[in-house]
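Pasting in a structure now, in structure tokens, and then I'll have a few things to ask.
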């Protein structure tokens with residue numbers, strides 16, 4: 001029982017730290033009127049902190065894993081939003097289908113190349 005509560009506490013703190021990077025990114029985006037969303041600014045700050053080893057990855061690993069495990073739940077609001085605005089998409093299927101297919105292929109290709117690059121780099 002104690003181990004479970006310790007893991008929950010660590011995961012909550014680490015998720016809060018990730019959320020803190022998001023909040024700092026939103027704040028910086030608002031203060032400097034950046035053309036990039038605050039969430040992206042926050043993730044760039046996190047990347048810089050990890051890359052420069054100013055923060056060990058162990059400080060966020062459990063929180064990040066928990067968020068990734070629940071990632072499909074985060075797509076539900078987007079899907080509901082699209083369903084509420086179907087009239088906006090009506091009549092545009094001939095344009096949307098190739099865009100969706102092409103973007104899917106590009107993402108899969110880049111992900112595969114990046115995965116191969118990282119796998120070869122570790123060897």
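Along the chain as shown, residues are numbered 1 onward.
Every residue, even glycine, has its Cβ placed from backbone N, Cα and C.
Below are the features I grabbed from TrEMBL:
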{"type": "TRANSMEM", "residues": "7-28", "note": "transmembrane segment"}
{"type": "TRANSMEM", "residues": "34-52", "note": "transmembrane segment"}
{"type": "TRANSMEM", "residues": "64-83", "note": "transmembrane segment"}
{"type": "TRANSMEM", "residues": "95-119", "note": "transmembrane segment"}
State, in range form, which of 7-28, 34-52, 95-119 has the highest count of Cβ pairs under 8 Å to the transmembrane segment (64-83).
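Stretch with maximum Cβ contacts: 7-28.
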Take the transmembrane segment (95-119) and find every residue of the same chain, 6 or more past its ends, with a Cβ under 8 Å from one of its Cβ atoms.
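Non-local partners: 89.
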Sequence-remote contacts (6 or more beyond its ends) of the transmembrane segment (34-52), Cβ cut-off under 8 Å?
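That would be 18, 21-28, 60.
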Using a Cβ-Cβ cut-off of under 8 Å, list the residues of the same chain that are 6+ residues beyond the ends of the transmembrane segment (7-28) and lie near it.
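Beyond its ends, the transmembrane segment (7-28) has Cβ neighbours at 34, 38-46, 59-64, 66-67.
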